[in-house]
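Read through the structure below, which is laid out as structure tokens, and then see the notes.
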Amino acid sequence: MIELLSAAGQAIGNGPWQTALNTLLNEKSRQLTDVDGNARRLTALMNQLPDLLPSHRNLASGRIEIGTPEDLTETQHQALYDTLMAFRPWRKGPFNIFGIPVDTEWRSDLKWARIAPHLAPLQGRRILDVGSSCGYYLMRMAEANPQLALGLEPYPPLFCQYVLLQRWLKLPQVHCLPLKLEELPPMDGYFDTIFHMGVLYHQRSPHEALKQLASLLRPGGELVLETLVLDGDQDLALCPRDRYAKMRNVFFLPTVPCLEAWLNKAGFEDIRCVDRSWTTIEEQHPTPWINTESLPDFLDPSDPTRTIEGYQAPLRAAVIARRR
């Protein structure tokens, strides 16, 4: 694990953040190796797999393809299937891994298809993906040949999914750190593009989060923000009393005008909403590759336009803005 994190640190390069970042990564490596039970279990499973060399990969497909069935023996195929199932829940995808279709909870390819046409070219850019999960979007970004595509994923099981996939893909410009955004040392103006998707509604202080994102971007850099929003054109936000769609950690759902005001106050300009989409069962659904509930369980069974708590059903907006 330390080698992987060291490589990420080297890819980021030198700067005033280097000492603090190296110290933090050493501590995170120790936690993943010695303390976190899930990470130790998943690392042991990875180490039991033979070294598999994929003869094929396709990052441009909606379903990312790694290897073919012919790359494995029958015994290796069963062992790989069992290992992949042990890494559940698979949230972001989908994938085809050596002929094994991993049908993830989210059809992340649908979100990417909605957002990608509106992005500034990613080639040669330093990119940050906050809450990168298994790295699906990082892998889609890699197809554009950025200088660096760096993910932040603090949840050890999801970070270990990234480690497993990168073990086969070996994408040199793609890296991931097991950190929360607020743990990242100050790196003023380092990134050209930041993706912050499906995270803002989990922030107790969205304004502070947006200010930090602005500080990490160079002037003129691009923020790609996707979040749950409240339907309507008034400048207001919903603060759920307890849970929203069975999630305890949802703090604010702004309308799009309210979100645009937040972005303006945090130091962004040229703010444009490029997509508003109600979450559908096609995009988020239960599959054998998760062992948790999914969207049908979060909605009122007698009225799918409402959550189980009676709030508006999930509506997501994608907003792109430039740092002033």
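Glycine too: its Cβ is placed from the backbone N, Cα and C atoms.
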Original post:
In Swiss-Prot, Trp106, Lys111, Gly131, Leu181, Glu182, Met197, Tyr201, Arg316 are given as binding carboxy-S-adenosyl-L-methionine, so which of Lys92, Lys246, Lys265 is in that site too?
Top reply: Lys92
Original post:
Any idea which of the binding-site residues Leu181, Met197 has the thinnest Cβ neighbourhood at 10 Å?
Top reply: Leu181
